[in-house]
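Q: Sharing the feature lines straight out of Swiss-Prot:
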type     : residues : note
COMPBIAS : 302-335  : compositional bias 'Low complexity'
DOMAIN   : 142-239  : domain 'PpiC'
LIPID    : CYS21    : S-diacylglycerol cysteine
LIPID    : CYS21    : N-palmitoyl cysteine
REGION   : 300-335  : region 'Disordered'
SIGNAL   : 1-20     : signal peptide
Amino acid sequence: MKKKIFAGAVTLLSVAVLAACSNSEGKDIVTMKGNTITVNEFYDQVKNNGAAQQVLLQMAIKDIFEEKYGKDVKDKDVKDAFEKSKTAYGTAFAQVLAQNGLTEDAYKEQIRTNMLVEYAVKKAAEKELTDENYKSAFENYTPEVTAQIIKVDSEDKGKEVLEKAKAEGADFSQIAKENSTDAATKEKGGEIKFDSGSTDVPDAVKKAAFALEENGVSDLVTVPDSQYSASYYIVKLVKKSEKSSNWKDYKDKLKKIIIAQKEKDTSFIQSVVAKELKDANIKVKDSAFQSVFAQYIETTGSSTSSSSAASSSKTSESSSAAESSSKEASSSAAE
């Protein structure tokens, strides 16, 4: 599923104006009969625009995180994420860039900035690996199961296949091979293994599987793909694992779950960004921009902005995500 990758995009014009004003304060931008528009006059208008304020916030975040974590984000990773996104959008990619006022280089910068924040968030999340958090994650953890799934694209098709799958003596493997649209499992008769921390299986499918007894077949499971479409799953549970009473038996898996949860936690991400901005001793000199920074740092005479600037740095989409184990490049863009 393609995800929005330019939710936090702003026009290059705003970026250029904010970057240039300090070097050309009195310069005329436009002249006309009886009047002129100077850089200062334009700046006074642009700086009160929400998109322009987000630009400045993103510029500050980029510079601060680049200074501290730049060596930890490789150019190859940025390039790979960019190419993955470009492939996902296909022939529409150039048009989407243009609609959002971005060049390819500007989009790569967005991806890099987001990766810098992702790295910082992951490092901060690793500090949350306390026994208490391990035990909390363990309480909600379901060990690996072996299941078979059939995925179809319409509810009518799903009902038709479900009737076959629940028929006495039904060969679920053969039904999956003949009907499933899931390329990763179809030729294996739908077989797949996952636990509650797996990110390559929809949550609704996991929930349905965990509720079954061995050899049980679920009802039709609806998984929304977007606002306007959905996929439909039928799940058969093949084998369950007994859950150990000792959380340490699952420590590696629980570690991944804890970190993944933190990477999707907007409040946690915002706290990481806030700490980095505070450590950088950032000061906001123009009162017009105080509100957008107030979510992260104390600014004299400012009030908290009603819109969340965390969207300019959060992971997806993820990480957002679901899909965090096989991220689309969209989760690498600043949202």
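Glycine residues also receive a Cβ, built from the backbone N, Cα and C atoms like all the rest.
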Q: Would you mind giving the whole-number mean pLDDT across the domain 'PpiC' (142-239)?
A: 96
Q: Which numbers of helix, strand and coil residues does DSSP report for the domain 'PpiC' (142-239)?
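A: Within the domain 'PpiC' (142-239) the tally stands at 30 helix, 27 strand, 41 coil.
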